[in-house]
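Taken straight from TrEMBL:
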- B:443-452: compositional bias 'Acidic residues' (COMPBIAS)
- B:128-414: domain 'NADH:quinone oxidoreductase/Mrp antiporter transmembrane' (DOMAIN)
- B:443-464: region 'Disordered' (REGION)
- B:6-23: transmembrane segment (TRANSMEM)
- B:35-60: transmembrane segment (TRANSMEM)
- B:120-142: transmembrane segment (TRANSMEM)
- B:162-184: transmembrane segment (TRANSMEM)
- B:205-231: transmembrane segment (TRANSMEM)
- B:243-266: transmembrane segment (TRANSMEM)
- B:278-297: transmembrane segment (TRANSMEM)
- B:303-324: transmembrane segment (TRANSMEM)
- B:331-352: transmembrane segment (TRANSMEM)
- B:372-395: transmembrane segment (TRANSMEM)
- B:407-427: transmembrane segment (TRANSMEM)
- B:477-499: transmembrane segment (TRANSMEM)
């Protein structure tokens, strides 16, 4: 089981990293989702993998810790899922906004961000963009 | 148990939500309540600084759960200092946001501001590693909203990069926390520190991996080279007041590095000098690259962004020593660089606003209020470069003094001094292009109509409605307020110089507290009478 979980986390992380290195926002968002899945599975495994043991104490006397699984990672995973889900929604909205306003879905900043446009091209910029 | 500790998180959270729910369409109410929120936070920060000045570590147990199990907030001198600095910066820069009219360029400026404050305050107060992650996310999500405030294609594109980079950083943070939890079995910082201190050296390979992962995460936030790539485009494209508030955001990363690598992984623990060995070279390169960026860029906003990168490098050189003297000098420079970095963004915004949104470093006819703005730019440049008499000089002197007996002393001193010269050249060039040579240009007769047109087609249209003009002087509600808040930040730099003595004593107390982790074990884990 350990091998299965570990290799799954590794494979999904690798896929996620490959995707976030792409130059288009869609691939990056997908990669980010993959990465958070992998991390969630990883966080779940930090409390050691055990089968058929509850995380919540039953009764108050004669408690043997070996009969229970660690409840904390489950709470952490829950928090991480909520946060990463919300963040993915934000990045999707932002990518959509950038696509609509900027006209393409490239991740890289256009040259105009770094290279000073001459005063002339500053005025002509809008029409140029539309023709391109 | 005093409840003051939770107030810096609760006050902005309540006011921020109130503003979203009840005052969505009333800018005046938003301004009033937004400023009330920031001022209340400032008042609370003052009270907390008074509490922390005594030298003991105050602990707030959420839900009254005993320490390693429940989440704790802890207040020491460092947290109090960061809270106070954040609150002062927030109030002053928010006034600029109101005065320059930036807050009406988009929606929810003031409520996002409050949520940003909530995240920052929480990150500075928390004593729980996972809770730190949560507050990082709170401040990040508010910063995403603030960063794209006003919209425009360039800003949104930069925003997508910023979010992507930070999402990757967050997953790395979770991986680091998971690793540390596997090894230590706790997430409470003081408890983790005590367990790490007792760990046999041969079992710590995984622990060291976790520590380095954590260092990477905080280096992303602090924008240390080679993890700084998100910063220049983000800060250069953010609205002026937002970029000024973001001057504290890189310091959150610095704060977290100081917190974790003095409390949990100090120099004498199993991780040895791992932090110094990694941070010092990175900090030297950061400083060099930052100042080269300041010299090389042709954009004013980018110049300010690279000045932030350089200041992080400078302050990490000192912090990387992790001894009392290095931390004292580093913290002094932290306060200085936050105030002055923010002032630089505001001055740049003042200039750009008066050139019709043109933030490129090129000759344009002289701007309105050129005398006052050039004086502000001159003072800011002096402070940023580190010339006497302002606080940049003192800060640099303290850092040079702290690194005097370092084995890398020759490298550190030459880097600091040579890059200061580079920055001096860069700022002189920028100032002479903007203010001196501008007088040689005649205002072109046809240019007036162009200036009315140019903003709408500029690289960053900041408007929301099509009929609303992009930021210009006519659009700002109260230009005097914008000048006043910029001047206040610079007055802060003057005050840092005048009261350097008492401040340094407080910072020495802070550094002494940080370098003796036993105080934290004692307050967080032992003194728990009230909690059962």
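Positions of Cβ are set from backbone N, Cα and C atoms, glycine also.
Across B:120-142, B:243-266, B:278-297, B:372-395, the stretch most heavily in contact with the transmembrane segment (B:407-427), judged by Cβ pairs under 8 Å, is B:278-297.
When each of B:35-60, B:120-142, B:205-231, B:243-266, B:303-324 is scored by its Cβ pairs under 8 Å to the transmembrane segment (B:372-395), the top-ranked stretch turns out to be B:303-324.
Proximity of the transmembrane segment (B:243-266) to the transmembrane segment (B:120-142) is established through 3 or more Cβ-Cβ distances under 8 Å for residue pairs spaced 6 or more apart. Under the criterion of 3 or more C-beta pairs below 8 Å, with sequence separation of 6 or more, the transmembrane segment (B:6-23) and the transmembrane segment (B:303-324) do not qualify as touching, having fewer than 3 such pairs. With Cβ pairs under 8 Å as the measure, the transmembrane segment (B:120-142) is packed most heavily against B:162-184, out of B:35-60, B:162-184, B:205-231, B:303-324, B:477-499. Counting only same-chain residues 6+ beyond the ends of the transmembrane segment (B:477-499), those with a CB under 8 A from a CB of the stretch are 88-89, 92-93, 95-96, 98-101, 104, 332, 335-336, 339-340, 342-343, 346-347, 350, 369, 372, 376, 379-380, 383, 389-392, 394. Residues 1-8, 11-12, 15-16, 67, 72-77, 79-81, 83-84, 86-88, 90-91, 94-95, 98, 110, 113-114, 117, 121, 127, 506, 509, 513, 519-520, 522-524, 527 of the same chain lie 6 or more positions beyond the ends of the transmembrane segment (B:35-60) yet place their CB under 8 Å from a CB of it. Remote same-chain residues near the transmembrane segment (B:303-324) are listed as 222-225, 228, 231-232, 234-236, 243, 247, 250, 254, 257-258, 261-262, 266-267, 275-276, 279-280, 282-291, 293-294, 297, 330, 333-334, 337, 340-341, 344-345, 348, 361, 384, 395-396, 398-399, 402-403, 406, 412, 415-416, 419, 423, 426, 430, 508, 511-512, 515 (criterion: CB distance under 8 Å, separation of at least six residues from the stretch ends).
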